[in-house]
Amino acid sequence: MSRSPAVNALSSEASKPAPSTSVAGSRLAALNAWVAEVAALTAPAAVHWCDGSDAENAALVAQMQADGTLLPLNPATNPGSWLHRSDPDDVARVEHLTFVCTSREEDAGPNNHWMAPAAAHAKMDALFKGCMRGRTMYVIPYCMGPIDSPLSRCGVEITDSPYVVANMRLMTRMGAPALARIEREGLERAARGEGGDTFVKGLHSIGELDPGRRFIMHFPEELAIKSYGSGYGGNALLGKKCHALRIASYQARHEGWMAEHMLIVGIENPSGETHYVAAAFPSACGKTNLAMLIPPEGYQREGWKVWTVGDDICWMRPGADGRLYAINPEAGYFGVAPGTSAKSNPNALATIDANTIFTNVGLTADNQPWWEGLDNGERPATDWRGNPYDPDKGPAAHPNARFTVSAKQCPSWSPMAEDPQGVPISAIVFGGRRASLVPLVFQARDWTHGVLVGAAMGSETTAAATGAVGVMRRDPMAMKPFCGYNFADYFSHWLSFDGAGAALPKVFHVNWFRKGDDGKFLWPGFGDNLRVLEWMIGRVKGEAGAVETPIGHLPIPTDLNLEGVELSDEARAKLFGFERAGWQAEFASIGEYLDGYGPRMPQALKDEQSRIAVLLAD
Ligand SMILES: Nc1nc2c(ncn2[C@@H]2O[C@H](COP(=O)(O)OP(=O)(O)OP(=O)(O)O)[C@@H](O)[C@H]2O)c(=O)[nH]1
Ligand SMILES: O=C([O-])CC(=O)C(=O)O
Ligand SMILES: [Mn+2]
């Protein structure tokens with residue numbers, strides 16, 4: 001590789017990255033040209049091409065410690081770990097400031113905010129003009145997915161935030177190997193005489209962190225992202241939601257694959273047979289927890305094991321045998337801290353015991369991270385803003401406080417997560433937070449019904465996005481904030497997988513969040529969710545029982561292994577019951593929702609909705 005050492009090397013003082021204004025760090029002319037164009041617009045003091053090395057990370061971390069971006073945690077309890085306190089107005093995704101900028105508004109659909117590409121570029125370029133003056137501009141080549149997988153896709157994020165660089169290093173395969181793949185793919189494409197780029201171009205600046213000057217813009221037709229004014233994960237780590245979901249979902253539709261907001265988990269039974277399950281739950285609705293679950297004691301004794309492939313994003317495509325094969329495009333977890341405890345998610349707790357960046361958690365007097373629900377006997381001394389903790393002034397940790405950590409640190413991390421071919425998916429699970437009506441689990445009759453079950457998903461909003469919490473909204477396939485095109489076309493794309501030779505996963509719906517009259521959860525959840533997964537795998541194999549209802553196949557309590565689970569009569573009735581009148585109203589609302597997309601909505605989905613509405617009326 002003919003890279004100038006001055007560009008790639010780090011300063012020997014290890015306190016700041018090498019100041020270099022060279023913008024030619026790659027063998028790929030198109031990449032150098034884009035970096036030069038961005039540097040001319042943003043006017044940074046230096047340009048640094050990230051190689052992903054330990055030395056580079058150490059230098060950035062030292063610099064962030066020096067300027068207060070990172071605070072060291074107690075090295076005895078949390079070695080190699082840091083606390084970052086964000087701006088208090090910059091703690092979550094901002095859906096009202098997130099846009100999909102396709103040439104035609106109808107291609108973005110009613111599910112997205114839209115702006116015409118030219119207007120959006122003009123707006124963003126005005127914000128970016130000169131915004132990196134006095135700062136270093138980092139160029140981050142990254143690969144989403146195993147570096148040698150044909151299912152993986154690459155991108156380059158340009159940012160002025162060293163916090164973003166440190167997080168991207170944990171969340172993606174970042175640096176020299178990614179750049180090598182980008183160069184190879186780019187040169188091959190050029191040799192074939194094709195235009196366009198093979199990598200996604202993401203431009204990010206924290207700007208002034210002013211919510212009035214904050215926008216997250218996507219240009220799927222150009223494979224480009226421009227994000228300004230936020231340092232928060234989902235807005236700033238562009239490989240994650242912006243690339244791996246919004247841009248990738250658009251690409252996937254045109255290339256015949258799927259980019260989904262799903263965990264991937266392997267369930268190994270006592271005979272050593274592993275089934276992989278992909279599950280879509282909205283933000284902060286249990287993906288990380290299900291992906292890392294620890295089997296209940298009885299299951300452990302029998303030899304059940306759980307393997308974590310991914311906790312947030314899943315890319316799938318049909319294999320030669322007609323099954324869907326999935327990879328996790330990410331290399332780390334950006335997980336919700338509050339509620340994580342030795343009881344709810346011991347694997348997550350073990351994962352984050354070292355080399356972790358915590359964002360917006362509280363602190364104990366001796367600098368250990370602390371959050372509500374941690375339940376480790378410690379007490380908070382300082383809240384997430386850095387003020388003395390006062391329970392009258394709110395929680396110690398922000399409800400959307402997060403940890404960033406390499407996936408490999410997870411005790412249940414699956415070696416199959418590195419398999420370039422991905423894992424075959426036996427079951428797809430949809431689920432949401434529903435205090436009423438929706439039972440613990442049911443199975444869709446077939447693929448088309450399964451697509452309707454996903455399209456009809458509803459869930460109560462959470463702290464993962466700014467705005468009211470606990471409001472029920474439709475969140476199809478948990479993709480409402482993340483689908484980079486019109487949902488009507490997205491549902492058509494889903495339906496299109498059911499062709500000749502397809503051996504598709506069975507589709508299920510779960511609700512871990514059903515509440516009783518006392519307002520408490522009726523289902524113990526967490527590790528006990530394996531009981532539900534076991535039933536699903538039994539259904540996949542044609543072994544487990546169920547009863548047919550208009551909404552699908554429902555288990556009766558004896559179809560599940562509930563040994564050791566205490567359920568009241570109310571819990572049994574609500575978790576396993578079918579409430580006809582409530583479902584009639586629900587289906588009327590689903591029908592109205594689908595109609596909101598107009599004639600683009602696939603007829604097959606509307607027919608499925610009407611068919612079930614008729615069954616419900618009987
Ligand atoms: N009652 C109950 N709560 C759960 C269960 N699983 C997860 N939770 C809670 O749901 C919240 C968020 O769960 P996560 O697993 O972090 O959510 P996620 O879907 O990975 O979220 P994102 O990273 O935002 O996409 C936490 O407060 C958990 O304690 C469950 O089975 N039952
Ligand atoms: O994107 C984020 O910031 C975190 C996340 O997984 C979500 O909100 O679903
Ligand atoms: Mn998510």
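Every residue, even glycine, has its Cβ placed from backbone N, Cα and C.
TrEMBL labels come from automatic prediction, so no person has curated them.
Because the structure is a prediction, the values reported are computed rather than measured.
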When you get a sec, could you say which of 1-22, 177-198, 551-572 is annotated region 'Disordered' by TrEMBL? 1-22
With Lys241, His261 listed by TrEMBL as Mn(2+)-binding, which of these, Asp160, Asp312, Asp321, is given for the same site? Asp312
Among Arg85, Arg93, Arg580 - the residue TrEMBL places in the same substrate site as Tyr232, Gly233, Gly234, Ser283, Asn400, Ala401, Arg402: Arg93
Given TrEMBL lists Ala284, Cys285, Gly286, Lys287, Thr288, Asn289, Arg402, Phe526, Gly527, Asp528, Asn529 for GTP, the same-site residue among Arg253, Arg433, Arg434: Arg433
In the structure shown, which of the binding-site residues Arg93, Arg402 has the fewest other Cβ atoms within 10 Å? Arg93
Looking at the binding-site residues Asp312, Asp528, which sits with the largest number of other Cβ atoms within 10 Å of its Cβ? Asp312
Under 6 Å from ligand 3 by C-beta, which of these binding-site residues make it: Lys241, Ser283, Asn400, Arg402, Phe526? Sequence order, please. Ser283
The rounded CA-CA distance in Å from Arg93 (substrate binding site) to Gly286 (GTP binding site) is 18
Those same-chain residues, other than Arg93, Tyr232, Gly233, Gly234, Ser283, Asn400, Ala401, Arg402, found with Cβ within 8 Å of the centroid of the substrate-site Cβ atoms are Val91, Ala92, Phe334, Val336, Thr359, Ala464
Within 10 Å of the Cβ of Gly286 (GTP binding site), how many other Cβ atoms can you find? Include all protein chains, please. 24
My understanding is the cutoff is Cβ-Cβ under 8 Å with a sequence separation of 6 or more in the same chain; which residues meet that for Phe526 (GTP binding site)? Asn289, Leu293, Lys343, Ser344, Asn345
Collapsed DSSP category at Arg93 (substrate binding site): strand
